Amino acid sequence: MTERAPTPESLNLPPDWRIAVLTGAGISAESGIPTYRGKDGLWTTGSRDYRPQDLATLRAFQAMPRDIWHWYFYRRCGCLKARPNAGHAALADLARRLGPDRFTLVTQNVDGLHLRSGIDPDAMIEIHGSLHRMRCTLPCGPEHFPLGDDQVLADRTEPLTDDAWSRLKCPRCGAMARPHVLWFDECYDENLYRSETALDRVANAHLLLVVGTSGATTLPLMMVRTALRRNLAVIEVNPEASAFTPAVRAHDRGVWLEENASTCLPRLAQALAPVAEKRPATPSRAVRP
C-alpha cells in the first residue's frame, strides 16, 4: 500500500525539528544481506549444526573462539559483497540536508552499509556494534579496531588459517580480540555501544522514524516507547506489521507506511526536507566500515 508521504507540516513539527532514525534488518535485507535464519543459516562446526542464536554469544566464543571468528569472517564476506540500496542512500541524503545537529541515525545493523552509503559517522550510533571491527577480550580499554579487507572467507568450508588466527590480537596489549558486536547473552553498554546516548537522542528529537525492525530487542523497544510517551511524531516504514505497529497506529501522531525501505525512503526524505532545485551532485566520501 502506497500512502502520501507525511510532511513536517502534516506532522506539526517546529521549524528546526530534529529527527532520530532507527533502522533494523529489513533495510539491509533489500541489499541481499542474509538473515541467517532457517536451514541456510545453520553453521557446521565438527559434527554439530549451530543456529546463529547459538553462535552469537559470549558463551560460545569462550568455548570455541576460533570457530566463532571463522563464522564472522564468512559473514563479513557477504556484507562486503552487498551494496547500499536506495533506502540507505535516502537516509544519507537526508542527513546531509539536515546536518548533524538535527539528524541522528541509530542502527541495529552490524553490516556497515550505512557508512558505505556516505553517512557521516558522527551522525550514526551502531547500538549492536560492527562486523568490521574487533576489540580486546580482557578488555584493556573500550576502543575497537578495524579488521583488514583480507580478513574474510568467501567459502564457508574454507578453514581459518593459522596466519589469520594469529592476527586476531588486541593492538594495544596483545590479548585475544573478539568481534565488536553485541551478543545475545550480553547487555547494552554506553561505553561500547552508546546505548544511553541513543535513548537521549530520541528523547530530544521531534520525530522518530523506524525502518525495517521487528522490535525484538530491548533498546529499540525503549526508544519507541520513549517517543510515544513524549508524544513525538512517529513514522514506521515496514512492509509487515511489527511489535511497534499497533502502538504507532493508535498514536495521534503516528504513521505506518506499509512499504519497503528502498521504495518509501527516497520519497519520504524529499517530503521531509525538499530539495528546491537539482544541482550537480557532489560525490560524498564513503567511509569504510
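Cβ atoms here come from the backbone N, Cα and C positions, even for glycine.
Per TrEMBL, the features are:
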- His128: active site, proton acceptor (ACT_SITE)
- Cys136, Cys140, Cys170, Cys173: Zn(2+) binding site (BINDING)
- 1-282: domain 'Deacetylase sirtuin-type' (DOMAIN)
Should Cys140 (Zn(2+) binding site) be counted as helix, strand, or coil on the basis of DSSP? coil
Any further residue of that chain within 8 Å (Cβ to the Cβ centroid of Cys136, Cys140, Cys170, Cys173) of the recorded Zn(2+) site: Arg135, Thr137, Leu138, Pro139, Gly141, Pro171, Arg172, Gly174, Ala175, Ala177
Other CB atoms within 10 A, centred on Cys170 (Zn(2+) binding site): 21
Measuring Cα to Cα, how many angstrom lie between Cys173 (Zn(2+) binding site) and the residue listed as 'active site, proton acceptor'? 24
Run through the Cβ atoms and count how many others sit within 10 Å of the one on Cys136 (Zn(2+) binding site). 22
Please name which of the binding-site residues listed here, Cys136, Cys140, Cys170, is nearest in space to His128 (active site, proton acceptor), Cα against Cα. Cys136
Per DSSP, three-state class assigned to His128 (active site, proton acceptor): coil
